[in-house]
Each structure stands twice: as C-alpha cells, then as structure tokens.
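So the structure is just underneath, and the comments pick up after that.
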Amino acid sequence: MASTSRREQPPWTCPPAPAAGVSLPPLKIYNSLTRKKETFVPIDPGGKKVTWYCCGPTVYDAGHLGHARNYVTTDVLRRIMRDYFGFDVKFVQNVTDVDDKIILRARQKHLLDEFTSQNPTITPDVVRSVTAAWSAYFNSKVAGDADRDTVSPAGFQAWAEKTHPGLTSIISKEEARKAGPSSPESAEEDVTLDENATKLKMHLTTLFAASKALRGGDKSSPPSPDAFYLATTSVLLPYLDSLHKNRSYSQDVFSKLSSYWERHFSEDMGTLNVLPPTTVTRVSEFIPENVRFVEKLVGKGFAYPTADGSVYFDIAAFEGAGHHYAKLQPWNRGDEALIADGEGALTSDKVSTLPTTVDGKVLSEKKKSPQDFALWKASKEGEPSWESPWGKGRPGWHIECSVMCSEVLGETVDIHSGGIDLAFPHHDNEIAQSEAYWDGCCNVAPNTADGKHQWINYFLHMGHLNIHGSKMSKSLKNFVSIRDALTRGGWTARGLRVVFLMGGWKEGIEVREGVLAEANKWETTVTKFFSNVRALVAEEAAREKAGETIPQLFGPLEHSIHTELDTARAALHTALCDNFNTSDAMKVITDLIGETNKYMASTPALASVKEAARWITRIVNIFGLDAASTPNGEDRIGWSDSAAGTAAGAETLLMPYLRALSAFRDSVRQLAIANPRDSASADLLLLSDRLRDYDLATLGVALDDRDSAVGKPALVKFVPAEELIAAREEKERRAAEKEKKKEEARAKKEEEDRKKAELGKVSQVNMYRTEEWGEWDEEGMPTKDREGKEVTKSRGKALRKGWEKQKKVHEAWLASQGTGASS
C-alpha cells in the first residue's frame with residue numbers, strides 16, 4: 001500500500017540540479033503538489049528548455065471572463081518565463097473536442113433546430129410540447145416530492161414566492177433592472193450566494209422565463225416564434241434529447257459544433273493578446289494513441305474492462321502497487337459530487353458488446369469501486385464512437401490529457417497548469433493514470449522518495465474569477481462572454497489583463513468596483529506617463545533637428561533617478577522570483593513613474609527619463625499589455641492605444657505635421673496675448689482654444705499649453721480621444737457649475753438688496769405706529785401699549801435701539817433716492 005496517509009500529500013522530489021556551470025534564476029513557484037513555494041529546476045540539464053502542458057478548453061460554447069482569467073493569467077506566467085527569465089518554453093495546450101458536454105450540446109442543438117424548423121409558428125401543439133418540457137425540467141431541477149406533477153407554469157409564480165421567497169425577490173429585481181433604470185425596482189443590490197444557491201437561482205430563472213412565454217402562448221395573440229423559443233430553449237433542450245434516446249447522428253453533427261467553438265475561442269484569445277501555443281492537440285486526432293494508452297494500463301493490471309465495453313482505472317490496484325492516488329487533493333477523494341462531475345453526464349447503460357469472460361477472466365458488470373474512473377467509455381446510440389478492443393466507444397475525459405501530453409512532451413514534464421477547479425478529480429486522475437503508464441518504462445530512473453515515477457514536477461493552478469461570491473461558470477449561467485465583455489461590458493483586453501496582474505495568479509479575484517477602480521487608476525497612470533515622455537522626446541528630437549544643442553546633464557538629480565531605476569529593477573526581480581508576484585511588480589512600476597515624474601518637474605533633461613521609460617516599456621510588454629509590441633523593441637517607449645489603435649509608428653508619421661500646426665497656433669496665441677486691446681484678440685484666443693479642445697482632441701491629440709511668456713511651445717501628445725473628450729466635458733461641467741453658483745449668488749444678492757430697499761422705505765417715525773401700541777411721542781416712540789399701560793424703562797431702551805437702527809437704514813435709502821434725511 002501507499003507509504004503515506006491517503007488523506008495527506010505524498011513527498012515530492014525536486015528535479016536534479018542542472019549540469020555543472022549552469023546558472024538558474026532564484027525562481028520559486030507555488031507548487032500544488034506540495035502546497036508551498038518550491039525552487040524551480042527544469043528537467044533540461046542545460047537549464048534552458050522548459051516543457052509545459054496546459055489544459056485547454058472544452059469547446060461547446062462561448063468563452064467567458066472566467067476563461068479569460070485562466071488563459072490570460074497563464075499567458076502572463078508563460079511570458080515571464082520566456083521573456084524575463086529567458087527559458088525556452090515548449091507550451092502544449094489541448095482542445096477537448098470529444099466530451100459528454102459537447103455530445104449533449106451538439107445533438108440538443110441539432111434537435112432544437114429541427115423542432116423549430118418544423119414548427120415555425122406557435123401552435124397549440126407546440127405549447128403542449130413545451131409545457132411538457134417545462135414540467136420535466138421543473139420536476140428534475142427544483143421540485144420536491146410533494147410538488148411533482150402539481151405545479152404548472154400558471155401556478156409557478158405563487159409556488160416560487162412561497163417556497164423560495166428570497167431568490168424570487170432577487171430574480172424579480174434583476175428583471176426590473178433589465179426592464180430599464182427608470183423602474184422603481186431597478187436599484188442595484190449586492191447579494192452574495194453560494195454555489196448551490198446560484199445554481200437553484202439559475203433553474204428558477206429558466207422556469208420563470210419559460211412559464212411567462214407559455215402563459216403568453218395560451219393567449220389569442222401569442223408571442224413571436226423567435227421570442228417564444230428564446231425564452232423556452234433551456235427547458236426544451238433536455239426534453240427533446242430525452243425523446244430521441246435511441247437516435248443515431250452523423251459524426252459531423254458533433255465535429256461541426258466543436259470546430260465552430262474552437263475557432264471562436266482562438267479568436268477570443270487573439271483579441272486578449274494571448275500567445276498561441278507552441279503545439280495544439282485535439283482529442284479527435286489522438287484516438288489511436290488513447291486506445292494504445294488504455295491497452296497498456298489494462299495489460300499492467302491498473303485498469304479493467306466491464307461488460308458494457310467500458311474500461312475503468314483501478315485505484316485499489318494502483319495503490320496496492322505502492323502508488324499514491326490523489327496527490328493534489330487527497331482530502332477530496334471520495335467526494336461523490338466531484339467524481340460524478342468528472343465522469344460526465346452520459347453514464348453508460350449500454351448492452352454488453354463483449355463476452356462475459358475474456359481470457360478466462362469474468363468481466364465486471366459495472367466498475368469495482370465508485371471512485372474508479374472511466375478511461376474508455378462505451379458509446380450508446382446518439383454518441384460518436386471509434387473502434388477499440390472493447391467495442392465502439394470514445395476516450396474518457398481524464399485520459400485524453402494524459403495521452404496528448406505524453407505523446408508530445410514525453411514521460412516527465414516540467415509544468416502542468418489549469419484552473420483550480422480541475423485539481424480534483426481531473427488532474428489527480430491524470431497523474432495517476434500517467435504515472436501508472438510510465439512507471440518502470442523507457443529506462444527512466446524513479447525520482448520520488450518511494451521509488452515511483454514523478455510525471456509532473458510543478459503543478460500550477462489559476463484562481464477563480466468570482467461574481468458576488470460564486471465562481472463564473474457556464475454550468476451556473478452566471479457568466480459574461482469574452483466578446484460581450486469587450487464589446488458591451490466596458491472592458492478592454494488591456495484592462496482585463498491589468499486586473500489579473502494586480503490580483504495575483506493563484507488567488508481568486510472578486511469582481512467589485514474597488515478592484516476595477518484600482519486597475520483603471522494604474523493603467524491611466526502608465527498611459528499618461530508614456531504620453532508625456534513620448535511628447536517630450538519628440539519635441540527634443542525636433543529641436544535637435546533644427547540645429548539646437550541639447551544639454552546632457554548628469555548631476556545629483558541624475559544620480560538620484562538612476563538609483564531609483566536600479567532599485568526598481570532589483571525590486572521587480574525579487575517580486576517575479578517570488579512566485580511571479582505581479583501584484584508587487586505593478587506597484588514597482590507606478591512607484592518608479594512617480595519618482596520619474598518628480599525628476600521631470602525639476603529639470604528638462606530627458607536622458608535618464610528615457611532610460612526609465614524604456615525599462616517600464618519592456619516590463620509591460622513582457623506582461624503582454626501591448627498587442628503591438630515587438631520582441632526587439634528595446635528602444636521603444638510606451639504602448640499602443642488599445643482604444644483608438646494609435647501606435648508609435650503613426651505618432652512618428654504624424655508628429656511633424658502636428659508640430660507645424662501647433663507652432664502656428666502658438667504664434668497666433670502670443671500675438672493675441674500681446675495685444676489684449678485689439679478687437680480681434682479675443683476671437684483669436686477662442687479659435688485657438690477650440691482647435692485644442694475640440695478639433696484635435698477628437699482626433700486623439702492633446703496640446704498642453706506652457707509658459708508663452710518665455711516662448712515655450714505647447715507640448716504635443718497623443719492621448720486616447722475618449723479620454724480628452726471626457727476631460728473637456730468635465731471641464732465644461734465644472735465651468736457650468738461655477739457659472740450656476742455665480743448666478744445663484746447674484747440672484748440672492750439682488751433679493752437681499754430688494755428686501756433691504758423695501759425695509760429702508762419705512763421711516764423710523766412710523767415704524768412703531770402699529771396696533772401693538774396706544775400712544776407715541778413726537779419721534780414716533782411708543783409711550784403706552786394698546787391697553788394704556790406705560791412702556792417700561794427697559795422696554796423703552798430696546799425699542800430705542802430698533803428705532804436708531806431703522807433711522808440709519810431709512811436715511812441711507814433716502815440718500816440713494818437723492819432725497820434729504822428725514823427729521
């Protein structure tokens with residue numbers, strides 16, 4: 001039996017040191033096989049070549065932001081290995097084009113297309129069929145035993161509000177938001193759901209949409225067929241599939257779907273600036289190799305066929321031979337939900353294709369242990385199949401990667417990577433079947449503590465992308481496709497990559513406003529820095545071309561900024577050697593930009609600035625933040641404008657013309673400023689401002705006016721047009737707000753003046769002649785109240801103060817009217 005506890009990770013052995021004289025970077029990588037950082041040592045004795053296998057997509061639907069998180073982050077690590085540390089990386093990535101999910105999606109889509117083409121209008125028969133589909137979906141996904149066959153589409157709303165009030169409320173609010181921001185129920189609400197609640201909410205949402213369409217379909221004026229089928233597709237698909245269990249399909253029904261989504265995925269990766277793999281492997285192109293691989297495992301006693309024509313990996317036999325199963329996550333072995341998900345939805349109930357005994361051995365009717373996993377699946381009607389010694393079938397999901405990786409990269413691999421959700425059972429099963437296959441083969445010496453073969457040396461798992469606490473997943477239908485995110489979701493390829501770089505590669509990332517704001521701030525800081533430096537460098541080049549000698553200074557300031565650059569280089573190296581710590585590396589970049597900006601504010605010299613800017617450009621290119629970068633662009637500064645497509649080449653081409661236009665504008669402005677009394681000066685200044693703020697800003701060109709008194713020309717820069725327009729609109733908004741406040745203050749003063757004037761019209765002699773008083777003296781001061789009582793001395797003093805104050809106000813009013821003071 002295995003020498004370590006079945007719930008503990010077994011010992012891991014670091015690869016042997018490279019040949020004498022070979023120097024390796026002090027790189028440490030978090031290894032899922034040990035759950036700690038390990039020194040990276042490649043298999044190659046020369047220390048340069050690195051083999052890397054990455055689990056690729058299962059191509060049955062559009063890639064979503066969760067996929068972007070996985071493959072963009074993997075691309076970042078690959079680029080750092082290749083372009084920073086200088087390794088020669090052979091990167092193999094598979095395409096799973098034979099899988100239960102693909103089979104189900106392909107035939108369901110085929111059946112739905114068939115159904116909708118046969119039923120172009122919504123007839124009573126269609127409504128009855130979809131109602132039956134709705135009931136089947138309800139009973140299988142959300143109904144309790146007492147609810148089966150008792151809840152209808154018409155009564156679903158009441159049932160849901162009673163049974164799941166919290167989720168129903170959330171769904172209603174989401175629908176209100178979709179209806180429009182003016183809806184009273186459209187306020188955003190931050191709700192965190194666990195995965196089970198998210199899945200239940202998905203099913204309820206599906207049933208709500210379909211029940212609403214069915215209620216409309218019962219009316220005299222049913223909804224349009226397109227709208228009806230769109231709302232009911234999710235309940236129709238499994239129902240139609242269940243009605244055609246014994247139907248056969250041509251192979252191209254499945255290959256057509258997988259080919260389409262593979263192309264779709266590759267295009268998305270190109271848009272995200274993900275490097276293409278060195279080698280792409282498709283399962284469908286490795287079927288004979290899969291059969292041979294499984295045959296060998298059966299021959300070595302690590303696998304067994306069953307009577308239905310399937311073949312399973314024998315975990316008990318594997319561990320009985322001294323191997324360790326579930327090296328990555330031994331604590332998850334036996335998890336029935338994970339095992340079932342790994343085995344796929346199409347479990348076999350196929351009639352036997354083999355005799356009950358083979359070579360005198362009785363075949364099992366089913367697998368020996370619930371934990372044993374399929375290496376070869378017997379195909380039923382409605383599934384693609386290939387010939388094998390066990391009858392017609394297809395590879396299991398886990399074996400596919402083992403076969404393709406082994407065929408291309410051999411018996412031992414430096415790095416294997418994928419999403420963290422694949423660790424168990426997929427990657428653990430890969431390890432088990434591959435180590436069983438290679439153990440004792442090809443004269444490969446064992447390199448583990450227990451003398452067994454170590455197939456993968458470093459396992460890297462990318463963290464999830466979470467939305468409100470739940471991982472983004474197709475199965476949960478809480479995903480945003482990559483294309484929707486880039487075209488309608490406000491994301492850019494660079495912005496996504498910045499978020500992933502700032503979050504680290506193995507930790508989960510929660511999509512929240514604070515994360516997005518921090519990433520946007522980082523990108524804006526770098527963009528502005530590049531724009532300023534390029535503009536200053538272009539200006540300096542123009543001055544040199546005009547015959548001016550540019551001073552080349554190197555004093556205390558230059559010593560200081562070069563020290564800052566050396567510090568940044570060392571800090572970045574430390575960060576990347578520490579498990580690809582891109583989060584710290586991103587801070588190193590902005591810290592250096594801050595110091596360089598201070599230097600630029602102190603001196604016009606640019607030699608040191610250019611050195612810092614070139615280094616920052618190199619690092620952001622290594623991180624894949626510029627799709628227009630070139631491997632040999634050492635002297636280049638900045639990145640392309642991903643929004644407008646402005647590249648450095650275009651800047652070089654256009655700059656002489658823009659500089660001539662800017663110089664003309666500078667001259668016009670100086671003339672207008674020098675002659676302020678000239679009636680045309682104000683108009684000239686307005687026109688020059690319009691050229692800067694409207695005409696050129698719309699084209700992505702910024703003019704920064706500097707001190708014209710000393711003849712300093714405007715600085716010409718290339719900046720994304722939308723950024724300049726947004727800045728202009730913000731400036732206009734502030735100006736309008738300022739003008740509004742001025743107008744409000746003016747109106748307030750006028751009202752105060754009006755009230756003051758009205759008050760001033762009243763003479764002090766008459767101010768107290770009201771019903772409150774009964775007698776007055778000659779000055780109009782009250783002597784008795786209306787009841788005939790004498791005014792007290794203290795009251796008289798208070799009244800006198802008011803009288804004196806009104807006298808001054810009235811005299812001021814009289815003076816403003818050109819009238820003498822009253823007596």
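Using N, Cα and C of the backbone, Cβ positions are placed for all residues, glycine too.
Keep in mind that TrEMBL annotations are predicted by a computer and have not been checked by a curator.
Over in TrEMBL, the protein carries these features:
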type     : residues : note
DOMAIN   : 47-520   : domain 'tRNA synthetases class I catalytic'
REGION   : 172-191  : region 'Disordered'
DOMAIN   : 574-625  : domain 'Cysteinyl-tRNA synthetase class Ia DALR'
REGION   : 736-760  : region 'Disordered'
COMPBIAS : 736-759  : compositional bias 'Basic and acidic residues'
REGION   : 773-823  : region 'Disordered'
COMPBIAS : 781-793  : compositional bias 'Basic and acidic residues'
COMPBIAS : 801-811  : compositional bias 'Basic and acidic residues'
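Nonlocal intrachain contacts for the region 'Disordered' (736-760), taken as residues 6+ away from its ends with a CB within less than 8 angstroms of a stretch CB, comprise 806, 809-810, 812-814, 816. Sorting each residue of the domain 'Cysteinyl-tRNA synthetase class Ia DALR' (574-625) by its DSSP state yields 41 helix, 1 strand, 10 coil. If you average pLDDT over the domain 'Cysteinyl-tRNA synthetase class Ia DALR' (574-625) in this model, you get 97.
Note: the compositional bias 'Basic and acidic residues' (781-793) comprises 1 helix, 5 strand, 7 coil (DSSP; helix = H, G, I, strand = E, B).
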